[in-house]
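Engineer: I have a structure I would like to understand better, so I am pasting it below and will then ask my questions one at a time.
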Amino acid sequence: YSRVLQVFEPNEFDIMLLMPVARLQLDECDDTGAYYYLSFKRNPKEKYLLKFLDEDGKLSAFKMLQALREIIKQEVKNIKDVEVTVKRRKAGSPAITLQIKNPPAEISVDIILTLEVQQSWPPSTQDGLKIEQWLGRKVRTEFRNRSVYLVAKQNKKEKVPRGNTWRLSFSHIEKDMLNNHGSSKTCCESDGPKCCRKGCLKLLKYLLEQLKMQYTKQLDKFCSYHVKTAFFHSCVMWPKDTDWQLGDLEHCFQKYLGYFLDCLQKSQLPHFFIPQYNLLSPEDKASNYFLSKLLNYELNNRFPIFQE
């Protein structure tokens with residue numbers, strides 16, 4: 001396990017480009033509670049955004065991404081000493097991807113257009129973020145008082161994709177939970193006791209990445225966010241730092257993987273912040289089952305994929 005944990009060479013980076021907006025009207029556009037149409041309640045302070053409204057007065061993610069893309073393309077031309085290119089647009093992707101060619105390695109950077117809205121979180125999040133037992137009630141309240149983040153993300157469920165849907169994003173909160181992951185405040189600090197929570201997350205991310213390379217088509221529904229969500233649920237199920245002692249990495253990893261397998265078997269993985277939103281829909285039962293078969297094989301054979 002420890003050998004695997006040393007292989008991580010990050011070559012992909014995400015940058016959220018934050019645009020502060022005072023107030024927006026959020027209208028749910030399906031039953032997930034994650035996707036919204038955005039419009040302005042009254043004359044916005046942000047007059048420059050008016051040109052991005054579509055004919056129904058909805059803020060068009062597509063138009064904003066297109067404009068941002070043009071700006072970035074122009075800016076990239078001014079970079080002299082490194083070769084930077086803007087990758088072709090992937091349909092429905094919220095990101096503008098830069099390829100940076102520079103020895104020793106090629107890096108890709110995703111720039112994600114994000115609206116930062118200073119208002120309370122929408123009702124679909126009310127029963128999410130169940131971290132009271134793990135990080136405490138105060139932390140939950142503090143998190144929920146932060147801004148709402150919305151990323152320009154095409155909702156796949158829309159019959160006619162018009163490019164005007166936005167998805168809630170909690171990556172700022174997720175980052176904080178990962179960085180301050182202990183129920184005791186000193187967990188993994190320089191003088192505090194160490195735990196294996198992050199090690200477990202890295203292992204399962206790596207495991208999924210390796211499997212995705214081998215079975216790209218069958219596993220294209222899955223991404224590291226599934227693994228991350230299952231991780232947060234596991235932190236809530238086993239909230240004490242003693243549940244994740246550093247020396248128990250192997251045991252803890254298998255417990256966490258067991259929970260993820262359980263989710264795949266049931267086709268049921270609730271979004272950590274929006275409990276009504278199931279990230280493993282039953283209509284993907286076949287691919288959920290396929291992944292669980294691969295993971296079970298790894299688990300029962302002492303993870304041959306880590307030996308390679």
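Note that Cβ sites are derived from N, Cα and C of the backbone, with glycine treated the same way.
Automatic, uncurated: that is what TrEMBL annotation is.
Found this in TrEMBL, in case it helps:
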- 5-180: domain 'Mab-21-like nucleotidyltransferase' (DOMAIN)
- 196-293: domain 'Mab-21-like HhH/H2TH-like' (DOMAIN)
Engineer: Over the domain 'Mab-21-like nucleotidyltransferase' (5-180), what is the model's average pLDDT?
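Structural biologist: Mean pLDDT, the domain 'Mab-21-like nucleotidyltransferase' (5-180): 89.
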Engineer: Based on DSSP, tally up the residues of the domain 'Mab-21-like HhH/H2TH-like' (196-293) by helix, strand and coil.
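Structural biologist: DSSP composition of the domain 'Mab-21-like HhH/H2TH-like' (196-293): 69 helix, 3 strand, 26 coil.
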